[in-house]
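Report on the following structure.
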């Protein structure tokens, strides 16, 4: 095996190893996001697109070269077999054909797994972002619910205070107090309505993020099934 095909085979084995590591179930997408945020990876991300395109071009060139070799030696193999020439020459041509076919498979699978690897990293990143947004929205919903409960308790307390003031002997003082309490109740109702709207909006956002997370999970499972089928 020449140097270039040895390098391609090594690259293929490396791709398989990286994909297997990315598919480990006990490493969550959030953990992978933290790993991707390491300063070393951040510096490499600047050149990631250029490196990805460069490797794609190299693999395509090698794949096309392997196809050319397979077609070349396949034609020679058929010709030599029909001509019934020397056995050693026929075996040599058959060996060349086998090597060209092997190189075709190596370059083809390397190209395919390189695309799968990029897509897997992208899906893991998107899933981690979705999980982070979901956690943040849940925190906001919990805070909004707690604030709504607080306002409702305050409203009940003011209503009780209003009922007590209605039975007061001092009518003028009671009316002034009632007016003040009514204003406070109206203010609290407005705040409660505002909080309810915020809670509804947060619930809608949580639902949207859950749907997005489920879509990303289904696409990730689809890629896993394709990878298992390739194996």
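Every residue, even glycine, has its Cβ placed from backbone N, Cα and C.
All annotation found in TrEMBL is predicted automatically rather than curated by experts.
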Among 160-180, 181-201, 202-222, find the range that TrEMBL records as region 'Disordered'.
160-180
With TrEMBL as the source, identify the stretch among 7-27, 70-90 annotated transmembrane segment.
7-27
